[in-house]
Structure formats: structure tokens, C-alpha cells
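Undergrad: Here it is, the structure in full.
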Amino acid sequence: MQILPLLSSNIPLVLRLSKRSIFLNQFPFTLKRGKFIITTSTKCQRLTAILAILLHFVVALKWVLDQWLYPKSPASPIWKYVLMYYCIIFFGAIGAFVVHISLLKEETVFLLNSALQVEQDSKMRGNSIVHKYYIVFVALSMMGIILMPIACFMFGLLRPCMPPTLTSVIYLKCKSWDDHVSTGIFFTTCGTILLYYFSLAAVATAAFGITIVLDYPTEVKLILIDLMKR
């Protein structure tokens, strides 16, 4: 296991990524002065994020159900099924995670604050360990939060009839994924902005859930194990 001596703590990485991944207020807690605190002022933002995820989940699910209930000849290529099944699983997992964290907000806040406190105490005793793989993981998460919504924004502009874009079920003229319907710049822009917001909420939620909620407490445990071996 490689150790990087240039950084003295994971805490700056965790706080920086947390600020970027929960700024949409999709969770019932926020970050203030280096600590996670429960808040009741983000209910509308949280419901908006869940609604955006649910809408795009329904779009992907509708496409799959249409293929089974109203089969076409020739049948759609396999890669389209694979893409839609992936979207259904991913969107469903993200939505379930947001609901799960909302129900267990006290436990989640306690877990994250405890991990931060344990590492802070370890640092004050002169024990500072930062693993290279975690830095890379945090960097990839930040890149995903920035780049993926931009890619989805361009996707919405170029392929308005391709699921899981919401406009693919609104435009009645959409006969295939490659259609370019003339619906006006207003409707196209609205659908694209909604897709951008949804993708930002989904990617940020996934980054926070995997890199912070799941990986960071485990990283703190590994730090303690490394210190015990010394």
C-alpha cells in the first residue's frame, strides 16, 4: 500500500469534494466549518433532485417496456437494451441512495464527523498518512462532477430523441434515437438544462456516496491499521 508524504491529511480532500458534491442540497445535511450538520432548509432542493432522477428513470423504463409490449421489426440492437438497463439500474440506485441517506441522516452525519475527528486526532499526534489511490479516486470524482454534466448537456442538444433525455418522450415526432426534430430552441434548451441538472445531481450523488460515505471511513480504518503495524 503506497503512502504519499506530501499531504498531511485526507481531510482537505474530503471537505473539498464534499462541498462540490452536495452543493445541490440533495441531502438533508450540509457542510459548515469543516463539519457535517443536519439542516431542514434543503427539503425543496432535495425533492427537486429526486424528481429529476425519477423522471429520467421513468423515461428509460418506458423505452424498455415499449420494446417488450410493442415489439418492432427489426428489433432494436442489443447495445440499446444494454444502455437502457444500465440507466435503469444506475438511476434507481441513485434515487434509492438519496432516500436511504435521508432516512438515516443522523447516522450518516455521525459516521462522517467521527471519521474526520479520528483522522484529526491522529494528525495532532504526529501520525499523518495519505494513500495515493485515494487521492486519485478523489481527483477522478471531481473530474466526473465537472465533465459528465457537460457531456450530457451536449448529448441533449445533439440527440433530443434519445433516451433517457426527457424530450424523447415529449416530442411526438421522435421515431428513432437519431431523429432531429424541429421544436424550437426554447423546448430544446429546457430539456437540455433539465438533463444537465439531472446528470449533475446523479454524478455528484454517486461521487459523494462512493468516495465519501463508503470509502472515507474505510480509509480512516486503514490508516489506523497502518499505525498499529508500526
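Along the chain as shown, residues are numbered 1 onward.
Placement of Cβ uses the backbone N, Cα and C atoms for every residue, glycine included.
Keep in mind that TrEMBL annotations are predicted by a computer and have not been checked by a curator.
The transmembrane segment feature in TrEMBL is assigned to 47-63, 83-104, 133-158, 185-214.
A description of the local structural setting of each listed feature is requested, covering burial, neighbours and distances.
TA: Tertiary neighbourhood of the transmembrane segment (47-63): same-chain residues 24-26, 84, 87-88, 91-92, 94-95, 98-99, 163-166, 168-169, 194-195, 197-198, 201-202, 205, selected by CB-CB distance under 8 Å and a gap of 6+ residues from either end.
If you look at the transmembrane segment (133-158), the same-chain residues 6 or more away from its ends with a CB under 8 A from one of its CBs are 2, 4, 7, 10, 13-14, 16-17, 20-21, 165, 167, 188, 191-193, 195-196, 198-200, 203-204, 206-207, 210-211, 215, 219.
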